[in-house]
Amino acid sequence: MNFTYFLFFVCIVICTLIITYWAARRSQTTFQFYTAAGELTGIQNGMAIAGDYISAASFLGIVGAIALNGYDGFLYSLGFLVSYLVVLLFVAEPIHHLGKYSLGDVICARFPSNQIRWIMAIGSFIISIFYMIPQLVASGLLIRLLLDLDYTTSVLIIGSLMTVYVVFGGMIATSWVQIVKTILLMSSTFLLSLIVFSYYNWDINDLLQKVKAGTPFGDQFFMPGHLLSNPYEMISLYVALILGTAGLPHILIRFYTVKNAAEVRKSVLTASWIIGLFYVMTLVLGLGTAAVIGYDELIVADSTGNLAAPLLAKALGGDFLLAFVSAIAFTTVVAVVAGLVISATTAFSHDLYHHIFKKGKTTEKEQLRAAQWSAFGIGLISTLFALGLKNINVTFLVSLTFIVAASSNLPIILFTIYWKRFSQTGAIIGMVSGLVASLSLLVLGPHIMNVENGWILREPIFSLYNPGIIAIPIGFLGAIIGSLLFPGREKVDFETFYIKAQTGISIRRGND
Amino acid sequence: MKDLTIILLERIGLLLVIAFVLTRIPNFKSLLYREFDTKMTIIHAIVFGLFGIASTHFGIVFSNGEVLKQSFVWSVENDQMVVSLSLIAIVIAGLLGGPIVGLGAGIIAGVHLGFLGGIGWFANMLVNPLTGLLAGLTGRFFSKARVISPIQALFIGVFPPILQMQLLLVLYPQHTTILQFVNVTGLPLVLSNSIAIAIFTAMIGIVLKEQENEAAIATRQALTIAEEALPFLQRKSPNERAEGIANLLYERLQVAAISVTSQDEVLAFRGIGDDHHQLGKKIITPLSKEALESKEVRIAYSRTDIACENPDCPLEAAIIIPITEANDTTSLIKFYFKKSQHIRPVEKVLAQGIGQLISNQLKVISNENLKKNILDAELRNLQAQINPHFLFNTLHLIATLFRVDPKRARHITIQLANFMRFNLGIASESLILLERECEHVKAYIEIIQARFSNRLQIMFEKEHTVSNVLIPPSTIQPLVENSIQHGLKNVTTNGKIDVFIKKKGDLIQVTVQDNGVGFKTDKIAMISQEHQQQHHQSEDGGVGLYNVNQRLISLLGEESRLHVENLPTRGSKVYFTIPNGTVRRNLNDDKRYDSRR
Amino acid sequence: MDAILKWKKERRLFLIWLTILSIIFYLSLPIALAIIPEWMNASPIGSITWAWIYAFLQVIMTWIIGWIYWIKAKQLDKLVAQIKQEASE
């Protein structure tokens, strides 16, 4: 373990812990614990969302994907970015107006019932944990490779740190950790990009030539098709990515941290600007890696290409820069994981504990305690999972998460807000069908059922790596059919509900 | 790398020692808590820029992958690199003074580095202003307090050196020396800078805390003094009051001398220079006159400002505090100092505070006095309403008249009823229309006239043009009563009382004169005396002249006071003036108070 | 109640148009890549192909569409304020 790395590592860790401490002193009520007391401005929240979103998979994975595969890697970036439009146009404001703490609140605003709470909580739970595990795994790999620590140790460190943040700091700590991390990440990525350009004396053509020289694809490098071999895959992936974000609980509950609709819009726009810029810069970094380091060396280090960014840093700036970039990557992971734990914690303690187990009768202190305990529990569970999953391909789990979110959560959310004939039973059926479809298609697909290195060593029954194009429509269909077959008695007038969702105004309607 | 870190920390230690010493110097301290305007911003930027330059020279030089063991940086060759500590000063400048100060200081330090030269000079030159600007913005972002906490400063301090290293890499591509430099000095710089910044921030925090503590102590002192001054302020004699205050202040505060003055002369003096600053001396300091006029604190910073006639006077500076009683400056309290530097912001705040508090105390006291007087008047009127003598006499008169002149008897009865009704109504209002008071007086006069028709003749004359004027109730009637009771007590025939109400310019004059024995001289003095030794009770239970006087003065001002004279021909004359067409005033409305003493 | 209806209509109209346009624009990329790969790989400017240009365009369009929505939403906000007023009367 290099002394420099260790010092840096410790430094950044101390700094984030301090922010948590500062936040912990203010996080005394449940409202504050869950949603930072509505204090964040739109721009701050946007930065936090960006921080939540740009996970280790983005920073490390995409740089690597672009370095290895050129255009297809960039498609991932595009999908991630464009998804924010879906959020902005359809989902962000209604969620802000309808709920208070969790996604369950939103659906229950229209269908108040325990069943809905259960199903939403389960959905949020699953998605959050699935999203969390690749982060922990990625961080484990990262730290193992940089600091020469054992994989298990690294995962344990990350897991416990993250739990500490959330248990003591609540949402504020994670919001500010996200914001700080966003600033750090953006500025260091920017500077790194500048260094790449300056390395080639600001001659872009030279850079592009070197890229082609550095990869076996040669001139073909810039052509699409190296990763996503057939068009169905491409479309399937693209659609899943675009629709997925609007179903991710840990992003959606961020809209509770600001105080009105205008700030919500600002948040989404800010986040999209930041994320967009980020992905343009990662493009530069990916190309830079291909040019400076070259395909072969990259593959040697890690076959998934996850180490592209750190290796680039080392080549351009020596150990110092490598240490810095790794520290940033570490903070990235921590921030994202903290955000995920919050959303999973919310699902558990607010939806299940408060509403269902205790039937809505808990004191604030009890709720806070429950939230903290559940944060601890979730941290523990996911750490344990991650320990056992070190050979799983990280991108697999990330895309799984998006597909699950897009096929189970998203139909429910959209129909609740926009479809008059949506029913409670339809919601449940839709959710279940989406989950089942996506999970089973993945299990039956080439990720898991792979003759060479899958969990199940057989020929895959379903041939697409990205089953989104099938699973998502199934989810939507399930919801539609369920509602048509089992129309419910509406307890809530849809017109009123719609207006409340879109504008936050509660109108009492007379006898019309 | 370890060695480098230690060397850097040593250099930084030197810098911090100098900084600490600087913060002990009062002038520098005052620099820190001055308000921020353009001038201060520029001064701050320059000071910190200079500090940044000094820090650069405290740095080390890097040559061929090694640290040159120089004592300080004097010059840099073209193939060497300077490891400058200027970022510390620049970050502090940004955190403390904001983005503009940071930018300014950064420009100064950066340009200096540019001139110093060596490899990487451009990056050095660029990173300083950039850091200053960013530090300023970040400081605002992180904390709304004036000074950021040391821990947060620690965190912020990590990044400027990183920025510097990255700028080096951006601007000097593929330069092996740079690469080496970054790797060797990067981490030591980060560590040393952030620690230094945190410590410096803590130091500044301490200085500001000190100032706060001083202010807190001063406030407490002011409040204690105000409390202790209360018994002195309640004294009636202005000289006693002044002496008491002067003594109290001199003992409680650390000043060279205290002087308490009235509007034109010194009432009390305590402290150095009391040989020539004596009681009774007139006020000559022009600033004092200004303070009297403007009702604001004035400060004399030099002997010429004080304008003391005595050339040996050791007092060089003074704070002049006007004390107001009811919107007018009635006296001054002066704090004297031996040197003008002794006047710090703390003293000024204290002076202001004490002035305010004492003025308030005085206002409260005068309010209480007024209330006492009003209460007095009310009590007496109550007595007047049920006074047996007057009633019996008048009823007797009515009974007599019944048989002789029933019409007259009826008339007198009505007048008696009016009179009593007026007496009842006095307690409720502080000012009434002049017409009502005239009716009150006329009712009284009619009754008296009926009783003493052969002994006494009372004439009442009011100019037509006088109208819409306000007057305190029961002010004219007592004067008439007084003339009857005392002036004409022993006069059996041809007694005359005249009551005139006439316009006199902007004022209305009310005169009651008689041709009786006149006032005894001591009585004249007693009536206009500000304090009374005994209750002046009249036999008919009416309101005493003293009380009338007090109420006139309190409600309408000093110029409305009673004038009591003996006429050169026999008799006495009592008169007062009231303003014409006064606005209705409320006793409780202090703002409209307009009395002069 | 008029305000409500008006607002609903405006908003619906706007959203539907925007959504349709966006879908067409965004999905054209993978579809184009699938259907007309040769054309996408033609390079009009130096070595930059249409595929890349389109990709960059998608980034920029995201920002632009976001901007358009922001402006429109602000307009709609005024209507919403009106509704709020009516509701509280």
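Just so it is clear, glycine is given a Cβ too, placed from its N, Cα and C backbone atoms.
Taken from TrEMBL, the feature transmembrane segment applies to A:6-24 (among others).
Under the heading transmembrane segment, TrEMBL lists A:45-68 (among others). Through the fold, the transmembrane segment (A:45-68) approaches residues 74, 76-77, 80, 131, 134-135, 138-139, 142, 174-183, 185, 189, 215, 226-227, 245, 250-251, 254-255, 257-258, 263, 266-271, 273-275, 278-279, 282-283, 285-287, 289-290, 293, 295, 298-299, 302, 304-310, 312, 328-329, 332-333, 335-336, 339, 394-395, 398 of its own chain, all at least 6 residues removed from its boundaries and within a Cβ separation under 8 Å.
Packing against the transmembrane segment (A:74-92) from elsewhere in the chain are residues 53, 58, 62, 65-66, 224, 228, 234, 237-238, 240-246, 251-252, 255, 264-265, 267-269, 271-272, 275-276, 279, 282-283, 286, 413-414, 417-418: each is 6 or more residues past its ends and has a CB under 8 Å from a CB in it. What TrEMBL lists as transmembrane segment is A:74-92 (among others).
Residues annotated as transmembrane segment in TrEMBL: A:118-143 (among others).
Beyond the transmembrane segment (A:183-202), the same-chain residues lying 6 or more positions past its ends with a Cβ under 8 Å from any Cβ of the stretch are 47, 51, 54, 59, 210, 274, 277-278, 281-282, 284-285, 287-288, 291-292, 309, 312-313, 316-317, 321, 324-325, 328, 331-332. Annotation comment: TrEMBL describes A:183-202 (among others) as transmembrane segment.
If you look up TrEMBL, you'll see A:235-256 (among others) marked as transmembrane segment.
With a threshold of 8 Å between CB atoms, the same-chain residues lying at least 6 positions outside the transmembrane segment (A:268-293) that come near it are 42-43, 45-47, 49-50, 53-54, 58-59, 62-68, 70, 73-74, 77-78, 80-81, 84-85, 87-88, 92, 182, 185-186, 189-190, 192-193, 196-197, 199-200, 207-208, 210-211, 213-215, 221, 308-309, 311-312, 315-316. The feature transmembrane segment is assigned by TrEMBL to A:268-293 (among others).
As annotated by TrEMBL, transmembrane segment applies to A:320-349 (among others).
Taken from TrEMBL, the feature transmembrane segment covers A:370-389 (among others).
The feature transmembrane segment is assigned by TrEMBL to A:395-419 (among others).
The annotation transmembrane segment is assigned in TrEMBL to A:426-444 (among others).
Look at TrEMBL and you will find A:464-486 (among others) tagged as transmembrane segment.
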- Taking 3+ C-beta pairs under 8 angstroms (sequence gap of 6 or more) as contact, is the transmembrane segment (A:235-256) in contact with the transmembrane segment (A:426-444)? no
Any chance the transmembrane segment (A:370-389) and the transmembrane segment (A:464-486) have 3 or more Cβ pairs under 8 A, given the pairs are 6 or more apart in sequence?
-> no
Quiz item: Any chance the transmembrane segment (A:118-143) and the transmembrane segment (A:426-444) are in contact, meaning at least three CB pairs closer than 8 A with a sequence separation of 6+?
Solution: yes
